[in-house]
Amino acid sequence: MAYPFQLGLQDATSPIMEELMNFHDHTLMIVFLISTLVLYIISLMLTTKLTHTSTMDAQEVETVWTILPAVILIMIALPSLRILYMMDEINNPVLTVKTMGHQWYWSYEYTDYEDLCFDSYMIPTNDLKPGELRLLEVDNRVVLPMELPIRMLISSEDVLHSWAVPSLGLKTDAIPGRLNQATVTSNRPGLFYGQCSEICGSNHSFMPIVLEMVPLKHFENWSTSMI
């Protein structure tokens, strides 16, 4: 869950988000080292009067500043490609949930059940109970089993939307006429909040997403009560 003046990412709840946080730290370290080197060179240029007016050809220097950036880019690209592959890979999901974006709410359908579907609207500020979060609470939460792979099929019925839950490392576009998919796996139970992350009209800010991850037994009891 995000909080005011937060500097870092939200706590990771899924294996994908853990990998994304590691990749973020890996890339940030490389950027920091490059920035330090550039600032050091600039400071030397500003503080020294020494110049190399006779240097017309420096084959070694050109070789270094050609090979070194290529190596750095490879160091960034390889872990990035690995994470992209992990995000697209779905192995034997135990559950499939179809998510449809509308102006301005979400609808969910549990395709493994016969009549388990509902719409999810934001709770207006005046109707919030003590402790509930403004612009983030919904009337119907998406209840899912934890520690199991779940496939989300995401689309839209009108305009472009984006289904995003930062704690799980999820952000998938909802495009009319196209079906995108994402894998949801939570390492722990709890409530995880997200919002539509694609500007979709005047009420774009009022399309929250709430996932309630519970043990499998609790999910079975919930699904039975909903049918």
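Positions of Cβ are set from backbone N, Cα and C atoms, glycine also.
Copied over from Swiss-Prot, here are the features:
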type: BINDING; residues: H161, C196, C200, M207; note: Cu cation A1 binding site
type: BINDING; residues: C196, E198, C200, H204; note: Cu cation A2 binding site
type: BINDING; residues: E198; note: Mg(2+) binding site
type: TOPO_DOM; residues: 1-14; note: topological domain 'Mitochondrial intermembrane'
type: TOPO_DOM; residues: 46-59; note: topological domain 'Mitochondrial matrix'
type: TOPO_DOM; residues: 88-227; note: topological domain 'Mitochondrial intermembrane'
type: TRANSMEM; residues: 15-45; note: transmembrane segment
type: TRANSMEM; residues: 60-87; note: transmembrane segment
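Everything Swiss-Prot records as a feature, shown here on the structure.
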residue : record                    : Cβ neighbours (10 Å)
H161    : Cu cation A1 binding site : 30
C196    : Cu cation A1 binding site : 25
E198    : Cu cation A2 binding site : 18
C200    : Cu cation A1 binding site : 21
H204    : Cu cation A2 binding site : 17
M207    : Cu cation A1 binding site : 27
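Counting residues of the topological domain 'Mitochondrial intermembrane' (88-227) by DSSP class, helix then strand then coil, yields 21 helix, 61 strand, 58 coil. Using the Cβ center of H161, C196, C200, M207 for Cu cation A1, the list of other same-chain residues with Cβ within 8 Å runs, in sequence order, G101, Q103, W104, W106, S162, A174, Q195, S197, E198, G201, H204. M207 (Cu cation A1 binding site) sits 10 Å from E198 (Cu cation A2 binding site), taking the CA atoms of both as reference points.
Using the Cβ center of C196, E198, C200, H204 for Cu cation A2, the list of other same-chain residues with Cβ within 8 Å runs, in sequence order, G101, W104, V159, L160, H161, S162, S197, I199, G201, M207. Sorting each residue of the topological domain 'Mitochondrial intermembrane' (1-14) by its DSSP state yields 0 helix, 0 strand, 14 coil.
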